[in-house]
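K.L.:
First the structure, then my questions, so here it is.
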């Protein structure tokens, strides 16, 4: 154990450091002389053991006489008071110094807590398993108090509690809210490492969020519209995280790189050909898409043209293969969602007639597994997802249900939950990283309460937990296995991230601790400089030399700095009257302006023309005379 500790203190692996992100600080790692450290530790142990040995020998001599007379009735004699048959303490001490196998046993007996007392703290059930481990351990220092529990034991208890109560595994103690826009967040994607989140919505925008680069203001570092005026249906990073699949409301899926620049766009099929196998691409709106879990160049899309197609990133001119779902009468049926199995060997599609159809990836004609009435006919099955162990398929139906299936016995579901309203064709469901919990969101009408995230126990489908997310529908949900954080997309333009400071890793924890960057005054006050190289000289703006100088100039300009006009001192100028009435005219003008008194009776003022109008009518009376 000492060697292992010393190695742990040694120079860290440069690859590991680079991966963890600690390599860029410019500090050289400390190096340690392991031999010297080991020798020093060994000497300390020997010295301490010798002192304890001497004290114990004196005690033994005193007790030897008593032991002959009084039989030992105490059953819990500590291992430190039991000597090996046929060996003295001195022999054991010499063995320890020589570094034989008995070194561990003697050290344990002389200078640490006893095996029996240590194992009894763990409980009788663990005694037999832990004896061997304890023999190999080396304890240096005073014996531990009787009520002491090791930190490892605490951790064991915690994990046992968590196993018994899966609700404790849900990381929902803290949350952050990312403002995507005002319309529904219909797509969420996290790269495999969990460093970047992408959100897409009904406002056609795709936004990129970098957890490591964000501060507490939680602003996206890039926003773009890759598919112009088409709603974003699905976003997903590939298995290596270097490219992103964008599925929108048009018939052509796009692949972008990590920074949002286009890599490829699928070809549009010929809509005048009847047989969809003979067209090179989709001819109608896309519904869903996803990457192959193992082959990083392959992805899958499904469309309203009634086909599911696989594609290769390196060949945008034509699909790789076509799967055509069929209804019970053999007619064309529209697939609303599609996915790969975890090993990538199966392709599953949920269709509008309520069926779930599964093909072998290499056999495009006949389905391998088929369930005709998985969900109500005429509803959009919004999500299919395989469990991490690959044996169970979960489906989220437009008929307000969530079901799980064993595809080997595909006639009826293993479990089903109802009363989960869904108004969106992309409402999600996902498994927890340990495969024991299934999560889905619910939809609500405007003003009809809060959208919730429901957690179901996979084995019994008992509802474990629910989170009230916001006063709008919960559309997308995603539980990242590495970060152990739950991302949620809502109907009012929010992307929420739920995490737990203890159970979760990185992700949202990185950005909440950073303070907001102070906005520099220079950035807010300066006006944009418009470069017009071919403008006439009279319209051309002078070239800006420096932001600071321009700022100082703008400050002196009374119009740009909105400087209030000072009071007029002395004689009036520029149409403004002087303050003190220096001249007679200004004095009279001031007094005229001030004199607002009117002593006349308002009734007399109104009727002063009445007599004249009656005697000599001019306006009204002649008009009605005839």
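Every residue number used here counts from 1 along the chain in the order it is shown.
Placed from the backbone N, Cα and C atoms, the Cβ positions cover glycine too.
Here the structure is a predicted model, which means the values were calculated and not measured.
According to TrEMBL:
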- 46-69: compositional bias 'Basic and acidic residues' (COMPBIAS)
- 73-90: compositional bias 'Polar residues' (COMPBIAS)
- 107-120: compositional bias 'Polar residues' (COMPBIAS)
- 126-139: compositional bias 'Acidic residues' (COMPBIAS)
- 151-164: compositional bias 'Acidic residues' (COMPBIAS)
- 165-174: compositional bias 'Basic and acidic residues' (COMPBIAS)
- 541-565: compositional bias 'Basic and acidic residues' (COMPBIAS)
- 46-174: region 'Disordered' (REGION)
- 541-576: region 'Disordered' (REGION)
- 178-210: repeat 'WD' (REPEAT)
- 279-321: repeat 'WD' (REPEAT)
- 328-360: repeat 'WD' (REPEAT)
- 374-408: repeat 'WD' (REPEAT)
K.L.:
Near the repeat 'WD' (279-321), which same-chain residues lie under 8 Å Cβ to Cβ, leaving out any that are not at least 6 residues past its ends?
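P.N.:
The answer is 233-234, 236-240, 242-243, 245, 247-253, 255, 263-271, 273, 332-344, 347, 349, 361, 364, 425-426.
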K.L.:
For the repeat 'WD' (374-408), could you work out the same-chain residues 6 or more beyond its ends whose Cβ comes under 8 Å from its Cβ atoms?
P.N.:
336-343, 346, 348-356, 358, 414-422, 424-431, 433, 435, 438, 440, 456, 458, 461, 481
K.L.:
Could you give me the DSSP helix, strand and coil counts for the compositional bias 'Basic and acidic residues' (165-174)?
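P.N.:
Final tally across the stretch: 4 helix, 1 strand, 5 coil.
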K.L.:
In the repeat 'WD' (178-210), how many residues does DSSP assign to helix, to strand and to coil?
P.N.:
0 helix, 19 strand, 14 coil
K.L.:
So what's the average pLDDT for the repeat 'WD' (178-210)?
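P.N.:
Across the residues of the repeat 'WD' (178-210) the model's pLDDT averages 91 on the 0 to 100 scale.
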K.L.:
How does the repeat 'WD' (328-360) divide up by DSSP, counting helix, then strand, then coil residues?
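P.N.:
Final tally across the stretch: 0 helix, 18 strand, 15 coil.
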